[in-house]
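Going by TrEMBL, these are the annotated features:
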type	residues	note
SIGNAL	1-32	signal peptide
DOMAIN	373-668	domain 'Peptidase S8/S53'
ACT_SITE	D382	active site, charge relay system
ACT_SITE	H446	active site, charge relay system
ACT_SITE	S635	active site, charge relay system
Amino acid sequence: MIFKKICPPHGVGFRALLMAFALLLCGANSIAASVDPQEYLALQDEAVRLGAVRVMVNLDDAVSLGSVATSKARLQQAANSLRAELGTGAWKAGTWSNDAGQIGVNVTPQGLATLLNSKGAKSFTRDPTDKLRHRILAADGRLQAIEAAIASTGFADVEMALDVDADLDYLGDGSIAWRDAPAASAQAQAVRASLLAGLRPSAALRQAPGSAALAAARIGREDFLLLREHPRVRSLQLGAWSDPRPADWQREVIDEARVHGVVDALIELRLPSPFVMGRGFMPDAAWRKQSASLRRALEEVVANIPGAAITRDLSEWGALNVRLDPDAAIRLFANADRRVLRVSLNRADAFPLLGVSEASINMQSGWNQNYRGAGQHIVLLDTGIRKSHAFFQMNGASKVMFEGCWGTNGGGYTSPCPAQDAKGDSPLNFPASGAPPAGCSSCPQHGTHAAGIAAGRQNAAMPKSAAGATLQGVAPDAFLISAQVFSLDAAGNPGSFRDDQIAALQALSASATDATYVALLNFGDSGKNTADCPNINYTMTNLVADLHSRGIPVVAGAGNTGATLPRMGISFPACIPYVIKVPGTVNNANGNSVANGSSIAADTFTGPMLLAPGYDILSSTGTSDTSTNQFGGTSFSGPHVAGYYAAIKAAVPTWTLADATAWIYSTGSVSAPQTYSGVTYPFRRIRMP
């Protein structure tokens, strides 16, 4: 995101639109708002094609975290004035404000021109938080189908599930049977009334057959934007929609069962429209009913299959881990239940992603204003933390206040978890369960190093840097939770099974009673994804969506495949929708150059991409209680951003995740464009003002 005014050179041919824009930029001193010219052209093209485009407007890009409360009234007045100035050039749907100098609004072509001339706007850009504000996430393409219908005909005939008290059964033929509660009809009538206040009259909103929870309408794009973010709309699809994804029955499950006599597999359901993978977007009672419905469906899938044992209940997310003998695997596949989307092998497919960096992100300024992450909990899924290290001592005790271990015995790996159960996991908070596993040379360094970057606390017992600087993590007052999710092969090399990653996130989801958490997924594969990847693992995608819906940031390094061609592409799990993706920059005085080894991709994902230092980072290690070392990789850029969110959330606890991200993209970061193959891409690097 680059805010500047650029006049084109004379004598250069530009299409008429660019010439008109150049005249606007260069012909009058009254123009107040800055915008990148190329981005403006793209925004205008989209607004002409779709009717409107959502932009983020900076009313004041100098509001510190400490002045948010005192600036609120002034900025609310400024936001109201700008909306009034935009008038019919802005749609009502999709408007937001974080009361810290940033607002979002869907503007028409006329509205874009108004913004250029506005004295009330300092700058504007495409809204980087747009997708973070969507309340409906669907990996099956149903929302894209609605948009395509509107683009083709100007409207879409849709069906939606409303937030009312109704139960549902997921039947064996793939259909849904509704059971309405007595109050459902009155509740639905109230929801429809609230929707009618925002929808255009042509939408003709009405109850749909089958349940009071269902409604139908003919919508245009402005209606679609309203429904997609409405708190009382759980799901949305074309009236005649069906999931086009083929079921993925992976035959290697049977092959492995035959070779080894038993196999661990993950069964994942196809989740039709009424199901919502975001607990924060629905009442607790509705979540419990939905979970019970999914549990019943999964029990039916494995019923009457001797030799099938449930090893992990993930039914809240539409999945089960099962242990199958060869006959059970064959029978499961022969049944081919229509509700099943995928049956896959549980395997180790993620691995550790292998100056003082806080200076380049100016955290001293934040610490001076007491932005230190107090009351926040950074949950680190990694190789464990040495909790006795001096870097983690706070008020006479370790700040690692909870721990757990999830491991797998099988596939050539052994679980290192102490007091492990039949699955290979430790009891929650069992002593030393979150410590680096013995017999692994790299494990003591990786997790302990990352934890120090995120939340290490200065200690006189710690050695200083070569330049004489005292070490401290980004959020030194935040607590740490160690989730050790790695198993070891025969040579002691760590590998993480997706089943164990899911179980650790499930434990966080179950125990998090508020939004005072930040999850850091500090592992990855060798993939190079250039778009959202919800289909790599549906269950983890659903868990991330749930945490996002409850205001809990999920952060992951972008990966370490940048040195291989093609350069552009990021690894799993960073590519999951709503994950905050973090490429790593070189830790030097400038701090804006992405390291050659770091993965990176154009910032077009669902979930922000923020640059942070990741190479030549000095932090704690697990060799002793005072040991330090320098390491590099996006495993060490991710902790910077996790700590950054913890500090911001502690400073302004009323902010939503999207509001905090809006502040980061404007005031809490600096422009750091990167050029690859002759193309320059806009990025932002975190930096406290």
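In case you wondered, yes, glycine gets a Cβ from its N, Cα and C as well.
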Taking DSSP as the reference, which of helix, strand or coil describes H446 (active site, charge relay system)?
helix
In whole Å, how far does the CA atom of S635 (active site, charge relay system) lie from that of H446 (active site, charge relay system)?
8
Are there any residues at least 6 positions away along the chain from D382 (active site, charge relay system) with a Cβ closer than 8 Å to its Cβ? List them or say none.
P352, H446, G447, A450, A451, S482, A483, Q484, V485, F486, L520, N522, F523, S635
Reduced DSSP assignment, S635 (active site, charge relay system):
coil
Within 10 angstroms of the C-beta of S635 (active site, charge relay system), what count of other C-beta atoms is obtained when all protein chains are considered?
31
